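Notes follow the structure.
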Amino acid sequence: MALPHASMLTRRCLRLLTPQPVFLSSLPGWDCRQPAGEGAAKRRRRKDGKGCSLPASFWEERLADAATPLWRLPYQEQLQVKYESVKKVLQTLTSHLLELGGGVQDPGVLCCPLQPVVPSPTVNGYRNKSTFSVNRGPDGNPKTVGLYVGTGRARNIVCVRTDHMKNIPLKHKQVAQCYEQFIRCSPLGSCILFHEGGHWRELVVRTSQHGHTMAIVTFHPQQLGQEALAAQKALLKEFFTCGPGAACALTSLYFQESTMTRCSHEQSPFQLLHGEPHIFEDVLDLTFRISPDAFFQVNTSGAEVLYQAVRELSQAATNTVLLDVCCGTGTIGLSLARHVSKVIGVEIVQKAIEDARWNAAFNGISNCEFHSGKAEAVLPELLSSWEDARPLVAVVNPSRAGIRCAAPPTQGRSWKESRLPPRWLSLSTCSLTLLTVSWCCCSPADNEEFCSSVSSGSDLLMSLRSGCGCDLNLF
């Protein structure tokens, strides 16, 4: 029986396994049927201020449940819950593969091995990056800095402060509190909905084990001129260097004008208002430079355990070429560079590529090269002209939808002839990464728990391929 395209199988499994969201529409005092328009927005703000009579502890628990759903359990029980969750996913996948003739012989055995969860060395306050939103709090104040409970679709978003959150370090909370103090003193409003006006938007805080702290403030310019923008930047800088915010001791303070929900440095440059342009972090005896929008593992100590596991799972040797897909600042590739022949990194964020090249040079690593661009555009070009006889291993972190198109189809050729990497490790915060090595990489009590869910995806790939002889365009 022919095996369907992997993306079809992925969609079928995800439909069955994706949990349904829980909205606040069923809570007392909330009504999802809210009209639009400026007048309606004013009435909604008045209603929110009167209707949010629930105690602060209620909102704190709601946020903890949403962001760290296992926080009530002891850590060892959290690990077991996650193990059972991944096991259930693999049981469902095994069942589907049996139905489709996917090479699974024994229905009582999982389609690939499942190892125990690897615990994070750091249990609380592990995050080195936090993104704080600005919106209406439980008391209706539109200048509340925190994390969301609810959804935009249901129009029931509440912004809850993170003082009680165990996974966020004290430094991040301190910067968020100071930012809230600043915008509440500002005559400019918060930007909740772009078309309703307002200016102050989200705050990103990044920290490192060196004691460095970077703060990035996003601001919607609306119709402000350059003189008015310069005045706001000067006030923000003064607050964090000479005012109450000076207690945060920021290493870097960035300002980004943005009319979009998210934009890169190329779309809207990060403007350094104060301090150093980068912060630095150490991982496995290497030093890494981090730019404002560069990807870096949010759990530094967990990343060290992860990268050591990647080396073991990849079975990379001194003659191996490692493809570090979506490499960010190059942490995975550079941490494995001493154990492989060559590292090739691909990353869409140009500033991250600059960081990766700097990191390689600073750490004295010369067997690495980094390419800027989308993985689905760069990788096919690299692989189609690949003439090197050395074995390839590809690692992508985090797993993402477009990567399945990054490698060219085999078109009837053998695995070796197709130049596809014989081992492809997918490091993911998602429990279901089909036909790859899937990792949930991060933290205790978090959706991003650091756990080894599948230890040998390549064996599954090869058995499927030899069993049905079909074209596997998996990535």
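Keep in mind that glycine also has a Cβ here, set from the backbone N, Cα and C atoms.
For C442, the entry in TrEMBL reads active site, nucleophile. Look at TrEMBL and you will find Q297, E347, N397 tagged as S-adenosyl-L-methionine binding site. As annotated by TrEMBL, domain 'Methyltransferase' applies to 319-382.
Annotated features, which come from TrEMBL, shown on the structure.
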residue: Q297; record: S-adenosyl-L-methionine binding site; Cβ within 10 Å: 26
residue: E347; record: S-adenosyl-L-methionine binding site; Cβ within 10 Å: 27
residue: N397; record: S-adenosyl-L-methionine binding site; Cβ within 10 Å: 25
| query | What whole-number distance in angstrom separates the two most remote CA atoms of the S-adenosyl-L-methionine-binding residues Q297, E347, N397? | reply | 15
| query | Which whole-number mean pLDDT does the model give the domain 'Methyltransferase' (319-382)? | reply | 91
